[in-house]
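Everything on this sheet refers to the single structure shown next.
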Amino acid sequence: MRPAGPRAAAVAALLHQEQGGYANLVLDAELARSGLTGRDRAFAGAVFYTTVEKQAALDYILGRFLPKGVEKLDPPVRAILRSGLAQARFMQVPPSAAVNEAVKLTRAYGKASAAGLVNAVLRKACGYDLDTAVFAGETERLMVLGCAGRDVAAFLRQYYPDEALRILTAPADGGHTALRVNTLKTNPAALTAALAAEGAEAAPGLVPDSLLADFAGSPAGTEAFRQGLYHVEGQASQLAALCLGAKPGDTVLDLCAAPGGKTLTIAQEMRDQGRLVSCDVTEKRVGLIRTAAARMGLDCVEAVCNDAAVYNPAFPAADRVLADVPCSGLGILGKKPDIRYKTLDEARRRELLDTQRAILDCAARYLKPGGRLVYSTCTIHPDENQEQVKAFLARRPDFRVIQPEAAFPEGMETGPYGALSVPGRVPAGMDGFFICVMRRDG
């Protein structure tokens with residue numbers, strides 16, 4: 001019989017995630033199996049994500065009291081220790097409660113022989129003063145205090161030596177949920193009032209027609225969401241869509257669109273007039289776009305399954321093309337904690353760069369002379385951003401970088417090959433993001 005309860009669901013998700021699953025997918029699967037609702041469901045998610053994000057710090061502290069280290073432990077015991085310490089150190093759960101529940105869960109997993117170890121180690125670990133830690137070097141300090149794997153810490157030391165810890169500790173969108181107001185149905189002031197009536201607080205964001213909100217439950221659980229008055233989308237992502245400058249009647253391609261946030265923003269800028277072909281590589285993800293567009297009441301969106309890295313002669317010549325390409329995700333560490341522990345090996349990096357290059361070249365072929373191309377990523381790696389654009393312009397001298405009508409917030413770094421948002425630099429916590437706006441001459 002499976003152990004029950006929110007802590008058990010979090011541990012089960014941690015065990016699956018250790019085997020290579022994506023954090024959001026394994027959590028969704030475990031929550032569905034658990035049958036948890038309301039606060040228990042939210043607590044399970046919080047325990048899971050806190051444990052994933054803080055793993056480096058948790059393992060460092062636990063390792064002070066485990067002579068053989070964390071990795072030698074039985075997987076369920078390891079997950080229980082990590083999640084128990086995460087609750088006590090980072091979630092304001094009283095240490096006594098965190099320890100007692102961890103011991104119960106150890107027994108429920110059939111590991112009664114380890115219950116004494118879990119009890120003793122957690123009690124000591126809860127009281128450990130991290131300020132007294134002596135690290136082997138700057139990379140280890142970053143790994144533990146910033147909660148990151150060795151590869152990500154080393155990357156930040158190389159490219160952002162003076163900002164590395166700030167980047168790792170910057171909360172996504174300032175710790176709020178960023179919303180895009182559906183301007184075809186409402187306005188920011190009216191939506192703010194509607195959300196307040198449902199117990200959610202919202203304030204204007206950095207991007208026009210955006211809000212930064214705090215919800216008691218899920219952002220998708222309100223009546224305003226069901227009515228299509230807003231969608232959830234990071235401020236940086238909204239800005240990339242606005243930089244496209246789409247207008248009513250345009251033909252627009254969104255090449256890497258799922259789950260569809262930018263598509264929805266673009267369609268609203270078009271006033272739902274024209275043709276917006278929104279693509280992704282799997283039918284399941286295309287279904288997410290269709291569902292979102294229907295909820296928002298958008299008729300101009302055509303969601304299709306397509307590989308953006310392969311030229312499709314059936315696509316129309318476009319006035320605007322958005323290529324928000326697959327990337328390393330190093331700008332959204334605050335939003336996707338599993339990225340913090342990615343292995344940045346050279347073979348995977350080269351494959352990713354090749355894919356980005358292919359998508360950008362295809363995007364250029366779809367664009368009409370005089371049209372606008374936006375290349376964007378959610379990474380802060382220069383090889384995927386400025387260097388990619390620089391190489392593209394050498395291949396395609398008929399393209400040039402232009403300034404968009406949309407204003408970049410204070411703190412964004414602008415240069416000859418695009419604009420970069422680095423976590424911690426921009427007020428209100430904008431994600432790490434790169435945007436380059438180009439025009440095709442002719």
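Even glycines carry a Cβ here, placed using N, Cα and C.
In TrEMBL, annotation is done automatically, which means it is predicted and not curated.
Among the features that TrEMBL reports, active site, nucleophile is placed at Cys378. According to DSSP, Cys378 (active site, nucleophile) sits in a coil region rather than a helix or strand.
Annotation comment: TrEMBL describes Cys256, Ala257, Ala258, Pro259, Gly260, Gly261, Lys262, Asp280, Asp307, Asp324 as S-adenosyl-L-methionine binding site. Sequence-distant neighbours of Cys256 (S-adenosyl-L-methionine binding site): residues of the same chain at least 6 apart with a C-beta under 8 Å from its C-beta are Cys279, Asp280, Ala308, Ala323, Asp324, Val325, Pro326, Ile359.
For the domain 'SAM-dependent MTase RsmB/NOP-type' (167-441), the model's average pLDDT works out to 96. According to TrEMBL, the domain 'SAM-dependent MTase RsmB/NOP-type' annotation covers 167-441.
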Q | Among Cys256, Ala257, Ala258, Pro259, Gly260, Gly261, Lys262, Asp280, Asp307, Asp324, the record's S-adenosyl-L-methionine binders - longest CA distance, Å | A | 19
**Q.** recorded positions (Ala258, Cys378), the one with most neighbouring Cβ atoms at 10 Å
**A.** Cys378
**Q.** Distance from Cys378 (active site, nucleophile) back to Asp307 (S-adenosyl-L-methionine binding site), taken between C-alpha atoms, in Å
**A.** 20
(Q) Roughly how many Å lie between the Cα atoms of Ala258 (S-adenosyl-L-methionine binding site) and Cys378 (active site, nucleophile), rounded to a whole value? (A) 14
Q) Given Cys378 (active site, nucleophile) and Lys262 (S-adenosyl-L-methionine binding site), what distance in Å do their CA atoms have, once rounded to a whole number? A) 13
